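Participant: Mind having a look at this structure? Questions to follow.
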Amino acid sequence: MARFGTQKLYIDGAYVDAGSDATFEAINPATGEVLAHVQRATEADVEKAVESAERGQKVWAAMTAMQRSRILRRAVDILRERNDELAQLETLDTGKSYSETRYVDIVTGADVLEYYAGLVPAIEGEQIPLRESSFVYTRREPLGVTVGIGAWNYPIQIALWKSAPALAAGNAMIFKPSEVTSLTTLKLAEIYTEAGLPNGVFNVLTGSGREVGTWLTEHPRIEKVSFTGGTTTGKKVMASASSSSLKEVTMELGGKSPLIICADADLDKAADIAMMANFYSSGQVCTNGTRVFIPAEMKAAFEAKIAERVARIRVGNPEDENTNFGPLVSFAHMENVLSYIAKGKEEGARVLCGGERLTEGEFAKGAFVAPTVFTDCSDDMTIVKEEIFGPVMSILSYETEEEVIRRANDTEYGLAAGVCTNDITRAHRIIHKLEAGICWINAWGESPAEMPVGGYKQSGVGRENGVSSLAQYTRIKSVQVELGGYNSVF
């Protein structure tokens, strides 16, 4: 018997059975335990969710801005009240350490919802004078029914990042979580209903991207799709969304981000930043700075500092608050990461740390991979070119600033980048030349609600968070008013 039994769909403010008996398993990657049997939505369920969302959206959009704001703020309060419970469930479902989920996942998701709840009354149009007898005014109106498709690494946080601006702007959202980590998104739906969100305004459909995701992206009455995931899948989602009914899209996709350490940098601080940029959340963060560039003359000293820090990582049971590095999200993903590690060895990179699956003692039943650092890497290696989405750092040496900027930009991705230096002029000079949408100077990884996040090149389209994202969930209606006479040419 699974610990959490059978998980149903969430449609029209309540849990409902899917149209078929098909289910998939939610697995604890730390132990292999089956946590739940999750129902698979059918195409008929998608239609029910769309109809429910259309009804609810009309009610939601008709509310005043302050009414919507109060309901979203109430949801924030409930999220914070239930923080520890939700964090524990997220840890079981994702394998992320409780020391992370308790202080980051729900906290930062609630922060984003609170941010947009405060912006609801600020959605305004413009008044544009034409002449004494005529003017134009604009209205920012909600799109209608939108879709969010989440990734498996930050399930509830991503659901909040996508739903917060959508709901704030007066839309409804149908959310499809990753098949790998579906449990906390269903809890979020409960919380929205408890807070007073009209039925249907936030529905959750569980199932595969190939089926449920496609039915949603191709549905003619969906107005926008916001997707987080890999670039290859993102291109398919974007093509499906645009070819079916010219839907608007936001794509937060993959990355292979560079971290450039300059010769004048504080090497201890740079090593700390590199560790966070590679091993936080067991390396499963889209913005990870996995290509670490270090001046050739500093490479040996930097390697020593990294090895010292890797040795301090506390790998273990993610439910233990002393653990700061848990398993990977699934056994299938573990095998994928291990295949990249094997490729790195084959292509001549030197293993500085890790490089294998952990199987002793409590690790035997879980999807644990040792924090891995490769050095003596070159730009043409597979581990340097392709997104691994695991705890694998590649150290590369360089000689000149011009060279490292060119090499940092030599990638199809452009999600994130960072620079470590004590020279403020150099910091901005380099950052301004890097082709990336999210950049840090002497830091890595923080993504506050106020900060727009998204990528260049193959790393995405549009932005999440920040004021600008709210506008992406509205459309402008322009109205000309004539107060004087009207002259016809006929």
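Heads up, the Cβ atoms here are built off N, Cα and C, so glycines get one too.
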Participant: Which of these, Cys262, Cys286, Cys377, does Swiss-Prot list as part of the NAD(+) site with Gly150, Ala151, Trp152, Lys176, Pro177, Ser178, Glu179, Gly230, Thr231, Thr232, Thr233, Gly254, Glu387?
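Facilitator: Given Gly150, Ala151, Trp152, Lys176, Pro177, Ser178, Glu179, Gly230, Thr231, Thr232, Thr233, Gly254, Glu387 bind NAD(+) in Swiss-Prot, the matching entry from Cys262, Cys286, Cys377 is Cys286.
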Participant: Going by the K(+) 1 site in Swiss-Prot, where Asp93, Val180 are listed, which of the candidates Ile27, Ile128, Ile149, Ile222 is also part of it?
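Facilitator: Same K(+) 1 site in Swiss-Prot: Ile27.
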Participant: Quick check: in three-state DSSP terms, what is Pro177 (NAD(+) binding site)?
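Facilitator: Reduced to three states, the DSSP call for Pro177 (NAD(+) binding site) is coil.
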Participant: Of Glu248, Glu252, the recorded positions given in the record, which has the fewest other CB atoms within 10 A of its CB?
Facilitator: Glu248
Participant: What is the biggest Cα to Cα gap, in Å, among Gly150, Ala151, Trp152, Lys176, Pro177, Ser178, Glu179, Gly230, Thr231, Thr232, Thr233, Gly254, Cys286, Glu387, the residues listed as binding NAD(+)?
Facilitator: 23
Participant: To the nearest Å, how far is the Cα of Pro177 (NAD(+) binding site) from the Cα of Lys457 (K(+) 2 binding site)?
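Facilitator: Between the alpha carbons of Pro177 (NAD(+) binding site) and Lys457 (K(+) 2 binding site) there are 25 Å.
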Participant: Write out, in the order they occur in the sequence, the residues of the chain not among Ile27, Asp93, Val180 that have a C-beta within 8 Å of the mean position of the C-beta atoms of the recorded K(+) 1 site.
Facilitator: Ala26, Asn28, Pro29, Leu35, Thr94, Gly95, Trp152, Thr181, Ser182, Leu183, Val329, Ser330
Participant: Between the Cα atoms of Glu179 (NAD(+) binding site) and Leu246 (K(+) 2 binding site), find the distance and write it as a whole number of Å.
Facilitator: 26
